[in-house]
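Quick one: structure below, then a few questions.
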Amino acid sequence: MPHSKHRDYTADKQDIPYTELKACKSPWKHRTPAVKQSPVVLSEEQLKYAELTFHRTPQLQPRKQTVRRKRQGPKSAVWRVVTCVLGVLCVVLMITMGILVPKLFSGQEEQYRETSLHHLLKNDSSCDPCSHDWIAFGNNFYLFFRGTKSWAESKSACEELNSHLLDIDSKAELENLLLFEINGWILVKKNQTNWSSSENETKLQHTLIDEKKNHSCRYLRGSQFIADDCSSKKPYACEFNKM
């Protein structure tokens, strides 16, 4: 029995430090809630991060604008190329119009002159030089055409106007016609002249140039009478002698 009591006593002694240890550990359990300050620290860090992001956000906007400008760059270059091409086309069209329009109007004017004279001759057998662009020197009237025809076609066209192909029969008439720089068929042929005086006839023969075998028709170029093929196309002038 004494031995058992001794064991119980020792057991009680061992229980005492265990309870003391529990009692000593208990204050740490009460101090553990102090560790809960970490969320406060995190919230301060979050505030700093928010402030940093708030200061950085305005700097991102220019980058977006530069990206937009870079994206718009190729489109503006394409539009520049298109405008340059359109400008070149407009210049080319203006040049072509400036060249073609005068030719068109001159051709229409000549056709109108021929048709008006043709209708006039149908209505009246006599030619009225005052109603058209005839040029008068004394009793002679001249009408010049820019359209090209052969010698025979020019002669028949003048006959339809109740006139004849240009016939230079005097030196004074030639000097008057030199003022207009005429370049076209005349009525005289090879070995044929209407000049009355022998002096004028020799002058006509000396002014003939480029004479060939098949060139039996004459045309006037400035003050020169040139022999050429009758089938070649040249301008012509009609003459009307008013009595």
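A Cβ is built for glycine as well, from the same backbone N, Cα and C atoms used for every other residue.
Quick paste of what Swiss-Prot says about this protein:
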TOPO_DOM  1-80  topological domain 'Cytoplasmic'
MOTIF     16-21  motif 'ITIM motif 1'
MOTIF     47-52  motif 'ITIM motif 2'
TRANSMEM  81-101  transmembrane segment
TOPO_DOM  102-243  topological domain 'Extracellular'
CARBOHYD  ASN123  N-linked glycosylation site
DOMAIN    137-239  domain 'C-type lectin'
DISULFID  CYS158-CYS238  disulfide bond
CARBOHYD  ASN191  N-linked glycosylation site
CARBOHYD  ASN194  N-linked glycosylation site
CARBOHYD  ASN200  N-linked glycosylation site
CARBOHYD  ASN214  N-linked glycosylation site
DISULFID  CYS217-CYS230  disulfide bond
Give residue numbers and ranges for long-range contacts of the transmembrane segment (81-101): same chain, 6 or more residues beyond its ends, CB-CB under 8 A.
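Same-chain contacts beyond the ends: none.
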Measuring Cα to Cα, tell me the gap between CYS238 (disulfide bond) and CYS217 (disulfide bond) in whole angstrom.
16
Over the motif 'ITIM motif 2' (47-52), what is the model's mean pLDDT?
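Here the mean pLDDT over the motif 'ITIM motif 2' (47-52) amounts to 62.
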Work through the disulfide-bonded residues one by one (CYS158, CYS217, CYS230, CYS238) and point out the residue whose CB has the fewest other CB atoms within 10 angstroms.
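Checked CYS158, CYS217, CYS230, CYS238; of these disulfide-bonded residues, fewest Cβ neighbours within 10 Å: CYS230.
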Looking only at DSSP and grouping its letters into three states, which state does CYS217 (disulfide bond) belong to?
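Where CYS217 (disulfide bond) sits, the three-state DSSP reduction gives strand.
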From the Cα of CYS158 (disulfide bond) across to the Cα of CYS230 (disulfide bond), what is the distance in angstrom?
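The separation of the Cα atoms works out to 16 Å.
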